[in-house]
Amino acid sequence: MKRIGVLTSGGDAPGMNAAIRAVVRKALHEGMEVYGVNYGYAGLVAGDIRKLTRRDVGDMIQRGGTFLYSARYPQFATEEGQLKGIEQLKRFGIEGLVVIGGDGSYRGAYALTKRGFPCVGIPGTIDNDIAGTDYTIGFDTTINTVLDALDRIRDTATSHVRTFVIEVMGRDAGDIALWTGVASGAEQIIVPEKGFDITEVADNIREGKEKGKKHSIIILAEGVMGGNEFAEKLDAIDNFHVRVTVLGHVQRGGSPTARDRVLASQFGAKAVDVLKEGKGGVCLGIVNEKIIVRDIVETLDNMTHTPNMDLFKLNEEISN
Ligand code: ADP
């Protein structure tokens, strides 16, 4: 393959720019050309495509977000959208496509692959909710951002002897809550994979107080329910005067951590290797610290993501 395309799609994640940079630089190193597609699948269908040079990706490795922009474009689930997308790729002479994004973006790459257009999926989402990989680009940055906020909340929670519920992102997955819960020394972690019993949560808070704990911090994954709704349930049981913090979109932004930049660079370069060999229809992952290549159809059809639930058990053992 001589000419490839790259796009970012779905929710943006810190480290996406580092991945695009690696795709461009590695491709140029291999004597290939790279075209950037703006606004994900929306831009693909609209033909919003341009050649990327070495300089276009300069000064990008440290920036959050994605300079190719992202978009939600549900129409790409239709045959018409997909055929139009392939037509645009062919119009620009693009022979293979790197898709950086989450689960939904992978579905688009899967659809193109099934129609005979070679794609490589790179897992990029703060939620870490993609099958076939231990980590996704953006997850490490996000948990560090959340941790920074949790440390600040802990200072004030301790000073006033309060119960805090902190709602964190993650969509349907509990990864962000599990990692930041353990890292911050939170008293309780509530994730969709486990569920909860509100009376047990209340009992734990009371027990903590009896043991002399100055605060109670509960990390709630957004996939369970909203923080305010959860706090209302707790306050209905006892007079906890629960304080709620919904961290929201601060969790998405910021400069990527070293780990995310390295991971993004490894994934970007590997995607080029794969396409150079003329392969497609795959997605990349990191498993036991090794970059791996999997069949995208097989991965989406047969694999599911499960967070590391050992962290849940660990937190129960060491948080009280
Ligand atoms: P993420 O990639 O972060 O999971 P979304 O779920 O919003 O984010 O998906 C990103 C984009 O991928 C969608 O806006 C759409 O353009 C495309 N997409 C999602 N599902 C499909 C599908 N079933 N078939 C084709 N394209 C899809």
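Placed from the backbone N, Cα and C atoms, the Cβ positions cover glycine too.
TrEMBL annotates T125, I126, D127, R162, M169, G170, R171, R243, H249, V250, Q251, R252 as substrate-binding residues; of E193, E222, E277, the candidate listed for that same site is E222. Binding of ATP is annotated in TrEMBL for R72, Y73, G102, D103, G104, S105; the matching candidate from G11, G15, G31, G36 at the same site is G11. The ADP site in TrEMBL is built from R21, A22, V23, V24, R25, G185, A186, E187, K211, K213, K214, H215 plus one of R50, R152, R154, namely R154. With a cut-off of under 6 Å between the Cβ and any atom of ligand 1, the binding-site residues V23, R25, M169, H215, R252 reduce to an empty set. Ranking the binding-site residues V23, R25, G185 by Cα distance from G104 (ATP binding site) puts V23 first. Look at R243 (substrate binding site): DSSP puts it in a strand. K213 (ADP binding site) sits 17 Å from R243 (substrate binding site), counting Cα to Cα.
Sequence-distant contacts of V250 (substrate binding site), defined as residues of its own chain at least six apart whose C-beta falls under 8 angstroms from its C-beta, comprise T145, A149.
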